[in-house]
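Working notes, beginning with the structure itself.
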Amino acid sequence: MSDTPETPKLSWWRRLSGGLKRTSSALGTAVADLVTKRKLDRAMLEDIEDVLLRADLGTEVAARISAAVGHGRYDKAISADEVKTVVATEVEKVLSAVAKPLVIDTTHKPFVILVVGVNGSGKTTTIGKLASTFSAEGRKVMLAAGDTFRAAAIEQLKVWGERNKVPVIAGAQGSDSASLAFTAVTAARDDNRDVLLIDTAGRLQNKTELMVELEKVVRVIKKVDATAPHAVLLVLDATVGQNALSQVEAFHRTAGVTGLVMTKLDGTARGGILVALSEKYKLPVHFIGVGEGIDDLAPFTARDFAQAIAGIES
Ligand SMILES: Nc1nc2c(ncn2[C@@H]2O[C@H](COP(=O)(O)OP(=O)(O)OP(=O)(O)O)[C@@H](O)[C@H]2O)c(=O)[nH]1
């Protein structure tokens, strides 16, 4: 037995492919059942398309994959591995178009990043991880506890601030989040910070109120710097599946989302939805979260994700 520690890359891949196992196993088993002892025909392709839809890949991508599987293979035997390879190839094509790093434009000081998403999606944790990443790059970071609705969210952000040794601008629970954002952008500018990460509420009394508040936060930030926020990151929980589509719709309309972060890809994720929403909205995907720890945020790479979904060893 080897006691060589796993490389970060390997342990990260293991968690991603493990998290997407539910999707990849279901897909692998269903495809194997369909192709065994049969030659490819229209009915088989329709069945394959259904399997892909159940994996949350969306109608357009499912149709495209099934057409690619059929291409030149009618009346021939096909293996499950061949189908998986086509799935990985087609999914990678969709994701390659959106896999983009988050670029910090240093002409903005501070570069203001507003982090939005529903309650529990992983906003605060992602901010903590991003603060660590940016600090390691030598940037001066500041955090703002804009989720003034929940006392625990404020405390949680303070803990991440201490862990990263970066200042946190926070108010009392129930205080106005837009005015907190105003204070934070001003403080970050006065303190010559490179990056300001602003947390926001994921839940208020109702969805309309949440969106109204978010609009106000954006409006007020612009009073300090008309070009801000410079990035609006929507944090999506990979376990919610189809629900992610309506979240993208709502937050994009309200806050002008510039990029996505998908979290909880280490658990029992339903990551296929990232393919469907990449096809539909074409928003950049910057990072994925594969755990609760400070280092468990990785830049998004199309190939790894596509192979993990298809259940192909990287
Ligand atoms: N397994 C796993 N858990 C995560 C990941 N990201 C966040 N979490 C956990 O998900 C839970 C919710 O995360 P938060 O960061 O508090 O989510 P939030 O969006 O800020 O939630 P509110 O503050 O309630 O609006 C916490 O228990 C986190 O530790 C991830 O990538 N993987």
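Backbone N, Cα and C atoms are what each Cβ position is placed from, and that goes for glycine too.
Summarising the annotation, TrEMBL assigns GTP binding site to 117-124, 199-203, 263-266. TrEMBL lists 284-297 with the feature domain 'SRP54-type proteins GTP-binding'.
Of all Cβ atoms in the shown protein chains, 15 besides its own fall within 10 Å of the Cβ of R203 (GTP binding site). Proximity to ligand 1 (Cβ under 6 Å from any of its atoms) holds for these binding-site residues out of G120, K123, T200: G120, K123. One residue stands out among the binding-site residues G117, G120 for having the most other Cβ atoms within 10 Å of its Cβ: G117. Shown for the domain 'SRP54-type proteins GTP-binding' (284-297): DSSP residue counts in helix, strand and coil, namely 0 helix, 6 strand, 8 coil. When pLDDT is averaged over the domain 'SRP54-type proteins GTP-binding' (284-297), the result is 94. Counting only same-chain residues six or more apart in sequence, the Cβ atoms lying under 8 angstroms from the Cβ of T200 (GTP binding site) belong to L114, V115, V116, K123, G146, D147, S177, L214, V217. If you draw a 10 Å sphere around the CB of K123 (GTP binding site), it holds 29 other CB atoms from the protein chains shown.
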